[in-house]
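A.B. asks: The structure is given below, and queries will be raised subsequently.
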Amino acid sequence: MSNDHLPIVLVDDEENILKASKLILLGNGYGNVVTLSDSRALLPFLAEHGAAAIVLDLFMPHQSGLDLLPLIAERHPDLPVIVMTAVDETETAVNCMKAGAFDYLVKPVESGRLLSSVAKAREIGSLSQELSSLKECLLEDRLDHPEAFSAIVTDSKKMRAVFQYLEITARSRQPILITGETGVGKELFSRAVHQLSGLKGNYVAVNVAELDDNMFSDTLFGHRKGAFTGADQPREGLIAKAAGGTLLLDEIGDLNGASQIKLLRLLQEREYYPVGSDVARKSEARIVCATNRDLRKRMEEGKFRNDLFYRLCTHQVRIPPLRERMEDIPLLLDHFLALAAQELERKKPTPPAELVTLLAVHTFPGNVREFQAMVFDAVARHTGGVLSMENFRRVIVESGASLPPSHPRESLSDDPLVSLFGRFPTVRDVEEYLFDEAMKRAGGNQGIAATMLGITRQTLNKRLQLRNDNEVPS
Ligand SMILES: Nc1ncnc2c1ncn2[C@@H]1O[C@H](COP(=O)(O)OP(=O)(O)OP(=O)(O)O)[C@@H](O)[C@H]1O
């Protein structure tokens with residue numbers, strides 16, 4: 001749960017300082033700032049309302065900041081406290097930090113310094129609260145809003161952990177990065193994040209891989225009338241369209257370099273300039289990014305900026321590929337059979353009992369999207385009775401059940417056969433593998449290899465001969 005709705009609490013016995021600090025914060029987008037001139041009111045206030053961060057004076061009558069610090073740390077361990085004092089002594093500063101202070105500012109405090117400290121404190125506080133909630137949720141295996149995930153058909157524990165993580169992080173103002181191979185359902189997750197966020201504005205999605213830098217600025221930031229030739233009318237960008245809502249930047253791993261800098265600025269400053277305008281606009285849209293690329297690899301290749309990656313990955317989820325959650329196959333099969341039957345206006349066919357076993361040997365490089373297409377095609381070809389396995393068999397054999405290049409065989413080490421052959425092997429695959437292996441270990445001696453294989457030398461010789469004859473010369 002994000003702490004954005006909670007107040008920033010300023011505690012100081014000097015009214016002037018309270019007023020000045022409050023004005024600085026209000027003028028910079030902090031809508032909820034509470035001032036307390038009597039330090040004794042702080043703990044009861046926190047117990048009733050909570051806070052996103054506290055700015056605390058040290059020397060106050062009745063209850064000093066130094067007395068309060070350990071009490072706050074004990075009762076509200078995730079709450080960051082910024083100490084703001086006239087005492088410029090290293091020893092005091094060290095004592096405060098030891099007692100749990102998040103930062104130490106010496107009066108008079110420059111407004112930029114106060115703002116950056118409060119912004120950091122709020123961010124850290126939010127993350128630490130999220131972490132505590134996440135631990136709690138995982139320990140209790142709890143899901144508070146299962147309805148947000150109703151479009152995602154699954155029976156997988158890995159997916160449930162992703163749901164739990166998103167429940168906690170969806171309300172934060174930080175961007176969320178959703179990664180996963182093509183067709184795993186990233187768009188569905190992005191919609192679930194929007195629903196969970198409680199934001200009332202629009203959900204807007206855009207594929208940024210298709211945009212060059214000019215188009216990126218124009219599409220996201222909009223333009224002023226007359227900003228460039230042909231700009232006869234002003235254009236509202238997608239950030240404005242998604243104000244108070246969510247903007248999904250899909251295929252973020254393919255975003256061009258120049259636009260990456262603009263996006264980083266947008267995320268850091270939360271403001272942007274429409275094309276042709278020098279008046280900054282506040283961005284009120286929550287950003288979700290999705291990609292099927294490996295962003296770390298893109299960084300190593302120099303195609304994705306490090307600073308943008310680290311800005312995006314505060315909240316990051318990886319949606320597991322279908323082959324890592326084969327327990328989803330029966331549910332998805334049933335779901336897509338019903339969907340296909342409804343769409344094609346026919347009776348939902350009954351799948352043969354062995355179909356799930358056949359599907360389990362496939363590695364689904366196109367993930368759920370591929371599976372959905374397979375089922376729809378089978379239902380379209382279905383002529384009555386029990387659903388034919390033939391269509392599924394053909395697709396699996398034709399695909400060679402090969403893995404996408406980004407996922408090498410080692411990643412499937414939990415299934416030794418798939419790990420060895422890249423798919424569930426045919427008898428012929430196994431036979432050829434065994435013959436080659438035996439010949440290798442026997443140093444090319446057919447007699448020894450035949451003994452190892454438990455067949456006669458003649459049989460081995462015949463099989464090898466046959467294979468050589470069938471091999472297409474390269
Ligand atoms: N768990 C699921 N339950 C039901 N439908 C799903 C599930 N996962 C994916 N789908 C369906 O599979 C299709 C592909 O999903 P989606 O477009 O969200 O994938 P993606 O991860 O965004 O892919 P890409 O990286 O190619 O954009 C959609 O039709 C989606 O509705």
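Here the Cβ of each residue, glycine as well, is placed from N, Cα and C on the backbone.
So TrEMBL lists the following for this protein:
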type    : residues : note
DOMAIN  : 7-122    : domain 'Response regulatory'
MOD_RES : Asp57    : 4-aspartylphosphate
DOMAIN  : 152-380  : domain 'Sigma-54 factor interaction'
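Tell me about the surroundings of these features in the structure.
C.D. replies: DSSP classifies Asp57 (4-aspartylphosphate) as coil under the three-state reduction.
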A.B. asks: Are there any residues at least 6 positions away along the chain from Asp57 (4-aspartylphosphate) with a Cβ closer than 8 Å to its Cβ? List them or say none.
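C.D. replies: In sequence order, Val11, Asp12, Asp13, Glu14, Ile17, Ser39, Gly65, Val83, Met84, Thr85 meet the Cβ cut-off.
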A.B. asks: Per DSSP, how many helix, strand and coil residues does the domain 'Response regulatory' (7-122) have?
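C.D. replies: Tallying H, G and I as helix, E and B as strand, the rest coil: 55 helix, 21 strand, 40 coil.
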